Every structure is written in C-alpha cells, then in structure tokens.
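**Student:** Below you'll find the structure I mean.
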Amino acid sequence: MENIDAVFKSIDEHQDEFIDLLRESVAIRSVSADPARRGDCIRMSEWARDQLRTLGAETSFWDLGKQQLQSGEELPLPPAVFGVYGRDKSKKTLLIYGHLDVQPAEKEDGWNTDPFELTEIDGKLFGRGSTDDKGPVIAWIAVLKVLKNLGIELPINIKFVLECMEESSSEGLEKGLEDNIDKISDVTYSCISDNYWLGRNKPCLTYGLRGICYYFVEISCARQDLHSGINGGSVPEALNDLMWIMSQLVTVDGQILIPGIAELVAPLTKDEDDLYDKIDFCVDTFKQETGSHGLISDSKKNLLMNRWRYPSLSLHGVEGAFSQPGAKTVIPAKVIGKFSLRIIPHMTPEATDKLVTSYLDSLWAKRKSPNTFKITSGHGGMPWVADFRDANFSAGSRAIERVYGMTPDFTREGGSIPVTLTIQDLTKSPVMLLPIGASDDMAHSQNEKINRENFVKGMKVLAAYLFELAV
C-alpha cells in the first residue's frame, strides 16, 4: 500500500478531468426503456468499451440478442461490455459489474437543470445517471487511469461486465453471463457499486437484498361495464370483491396476514442483531425525508429490520377501475388488483407463490361470490445475502477506514438487484455491494446528483479496495 498516497494525490489533482469524463457519459441519452433511444444505448456501450480499451484492457462485446416489443417489433439489445485488465494467474481476480443505461428524464418533469447536461451547483453534480450508475462506473475507469499514469502495477486482475439494460430488467444479461461462464470462472471476488449510503454522512457496505414476488388478482362480474344507477344493487360487483380481498393481505402496522409467511423467514443471528446497534440512522430524519405521516415503528432497529431483513407486502393499484379525476358512475366489468411481496431468506418465489395462492383461494371460497376469480404470478426474484465477515467485506471496510477514517455501517437494502445473485451463483465467488453515493442522490427521480466529495472520495475507496484485496 506504499503507493496509495500517490494515488490519492493524483485523484485530487485530476478530479476535474474525471468529472468531465462523467459529463461526456451523462450527455449520452442511454434510456433503455425508450426504443427510440436504443441507438444511444448502443453508443453508450461503445463509449465505455473505448474507454477501457484506451487504458489497455482487452475488450469485447457480448451479443445479448433481441428485444421483442409489445408492438411486435424486434430491437437489438445493447451489447454488454466485457473487459479484462490483467491475466496474472498468481493474482486474485475481481469482477466489477455496472450499468450504463438510465431512467427516462425530461426538463419538464421538474428538473432544475438539463438532465443530460452534467451541472455542478454547490458541490453537487446534477445529471441523469450521475449516481445511478454512470458515476460509479466512471470512478472505476478513473482509478485505472490514475494507476496507468503513475506507472503503478495493478495489484489484482480485473474483469468488467457493463450492461445497458439494467433499468429494463437486465434483459438478456443472465443468458449472456451463462453463455460466457468460461470467461468469468476464475473470479475470486465480485463488487457492485449500484446502491447508496443509508444516510448522508457515513459510508456503508451492503450484504443483503430482498427479492420480489408480484401478483395479479383478476375478478370479473359481467361481459361489459354496467351503469350503477340501472344495475347497482342487482349485481355482485367485481370491485367490491376485490377490495374485500385486498383489505385482508396486510395490517396497518405492516403485519402480513398470509399464513405460513413468517415461518419461512431465516432466524436472526446475534452477529447480525448486533450490527443494527451501531448503524448511523435517525428515525426522525427518515420520517422527514420520506414525507410520511407516520412510521410503523419508532425504534431504529425495528424500522431497519422491517425495511431490510423481514418481508413486506405492498398494494400497487387496480387496473380496470375508474381512476381519473371527476365522477363516473360505472360498475367495472373486470378489475385486476396488483400487489407484491418483498421476500427475504429463506423465502423463495415458489414457496411464496404457493402460500399466497392458497390463502387467496381460501378467501374467495369464504366470499361465496358468483363472479370469476383468478390469481396469477408476475415476475419473481430471489433475495440475496452475503457473509459480511468474509475477506471481500473486510477489504472494503479497510478501504473505507483509510479514506474516511471510520468503520462503515454494514447494511441491507429493501430493494432488489437480481444480477447480484446471478453473479454469485455463476462465479461461486463472494459478492459485495460498495456504494459511493449518498442517500439523498435522488436516483430515478428529478434532480439526480452525486456530490463531488462522494465522487472523489469514492474513487479513493475503490483504489484502496483493490490494494486491500491483494493482501
């Protein structure tokens, strides 16, 4: 680690250059959800490939196939970028995953600046993708630039997998990884920087993600919509049935009413329980930032566990019901209620589906309605949890301590990043989530940003992490 001070000094001296590099990438409107921007997504992949190639990495494209649109049109999926930096068999190998696509954004959505023009205001770098996930990808590229310019040999081998469809369910990536398993079979550790600190002041490392199960409850009462004045009181209404069922899924304090769910939850270990006592988290600040009228618990530990390591059930909407402004006296012929469960170890989509279906079938039998009833499962994703005491996390923790002078919090996330589990399963190597952005970066929202300080110190953490992994 004798070279690390020189690396840090160079990062400080060249930070404006690296911000300009981020500015270049933000200007490419790689919105994966917009078919009209597919060319920009491909251009973004080409841009990243060229950056790695300039640094001396061996680069190639993985063809991920085509995307079938609802219109029937087929579009090529943006290729994944595969980069190899070093093939020394005596060294460990780190796989770095990141994504290059972004959420849609327009100035008219409520942005204070052009979302595709990186703009610095009071030390904050505003722009779509600045924190999710172009900023962290550029931070890795910046570290390699510094090492090359200083003539410092990379302490480990690095392999990059960069995709441009993450914001659209990473379509094609899992098959791409499976088809190229021979290229990543020698990976020792994996790292993903695609999440955020719990707060604004203290870094963290993330060792768990919840999975998801999504459901559709369809109830039909007639061939066509009916008039409530003419037919109201004579027909058992589909929306009445649906509201009755949906009201029996979760209590006001978040308790899931589906029998058997609690029994699937992995028991809490003492080591994990102890972690929550040390986490820097303010319940009142969280309440203020979310704008919520109340919280399920005033206890820091209970609230964080409910967000991260216990399942939750959320109602999302009703398709077919009247939802526009104004009054419309219609009895909808068919309605579809939508809800999801965020699942955690040892829950699986298959076991959860079975419990949900059985419970809803039993509710419908009690309802004794003549209407038609159907429940279907939508997308499902497994939860992920890692050992926060392993060598990968230890290296990440030491790197953060060197840069920030403090031990990071060890956190979980309530959301899902499916590629995490895919990479872990295929490489059989430990995965760590190493965020560099703060909790108020507004990923997916208006005025997305990354703080200059987070960006610069994030580069230093990533650089130190490489050297710590080599120990």
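Any Cβ shown, glycine's included, is placed from N, Cα and C.
What TrEMBL says about a protein is an automatic prediction, not a curated fact.
Here's the feature list from TrEMBL:
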{"type": "BINDING", "residues": "His99, Asp132, Asp194", "note": "Mn(2+) 2 binding site"}
{"type": "BINDING", "residues": "Asp132, Glu167, His444", "note": "Mn(2+) 1 binding site"}
{"type": "ACT_SITE", "residues": "Glu166", "note": "active site, proton acceptor"}
{"type": "BINDING", "residues": "Asp194, His227, Thr329, Arg342, Ser416, His444", "note": "substrate binding site"}
{"type": "DOMAIN", "residues": "207-364", "note": "domain 'Peptidase M20 dimerisation'"}
**Student:** Rounded to the nearest angstrom, how far is the Cα of Glu166 (active site, proton acceptor) from the Cα of Thr329 (substrate binding site)?
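**Tutor:** The Cα atom of Thr329 (substrate binding site) is 42 Å away from the Cα atom of Glu166 (active site, proton acceptor).
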**Student:** Around the Mn(2+) 1 site formed by Asp132, Glu167, His444, which additional residues qualify by having Cβ within 8 Å of the site's Cβ center?
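**Tutor:** Counting only non-site residues, the set is Val102, Gln103, Gly129, Asp133, Glu166, Ala443, Glu448.
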**Student:** I need the least crowded one of these binding-site residues (His227, His444), counting other C-beta atoms within 10 angstroms of each C-beta.
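**Tutor:** So among His227, His444, the binding-site residues given, the one with the fewest Cβ atoms within 10 Å is His227.
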**Student:** Using a 10 Å cut-off, grab the number of neighbouring Cβ atoms around the Cβ of Glu167 (Mn(2+) 1 binding site), all chains included.
**Tutor:** 22
**Student:** Note the mean pLDDT of the domain 'Peptidase M20 dimerisation' (207-364), expressed as a whole number.
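**Tutor:** Computed over the domain 'Peptidase M20 dimerisation' (207-364), the mean pLDDT is 96 on the 0 to 100 scale.
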**Student:** Given the recorded positions Glu166, Glu167, Ser416, which lie within 10 A of His99 (Mn(2+) 2 binding site) by CA-CA distance?
**Tutor:** Glu166, Glu167
**Student:** With every protein chain in view, how many other Cβ atoms are within 10 Å of the Cβ of the residue listed as 'active site, proton acceptor'?
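**Tutor:** If we count other Cβ atoms within 10 Å of the residue listed as 'active site, proton acceptor', we arrive at 23.
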**Student:** What residues, ordered by sequence, lie under 8 A Cβ-to-Cβ from Asp132 (Mn(2+) 2 binding site) and sit at least six positions away in the same chain?
**Tutor:** Val102, Gln103, Asp194, Gly437, Asp441, Ala443, His444, Glu448
**Student:** Say you check the Cα of Glu166 (active site, proton acceptor) against those of the binding-site residues His227, Arg342, Ser416; which is nearest?
**Tutor:** Ser416
**Student:** I'd like the number of other C-beta atoms within 10 A of the C-beta of Asp194 (Mn(2+) 2 binding site), please.
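**Tutor:** Around the Cβ of Asp194 (Mn(2+) 2 binding site), 23 other Cβ atoms lie within 10 Å.
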**Student:** Per the record, substrate is bound by Asp194, His227, Thr329, Arg342, Ser416, His444: how many Å separate the farthest pair of Cα atoms?
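**Tutor:** Answer in Å: the longest Cα-Cα distance is 50.
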**Student:** When you measure from the Cβ of Ser416 (substrate binding site), which residues in the chain that are at least 6 apart have a Cβ under 8 Å away?
**Tutor:** Leu209, Arg210, Gly211, Ile212, Arg342, Gly381, Pro383
**Student:** In this structure, which of the binding-site residues His99, Arg342 has the fewest other Cβ atoms within 10 Å of its Cβ?
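**Tutor:** Least crowded of the binding-site residues His99, Arg342, by Cβ count within 10 Å, is Arg342.
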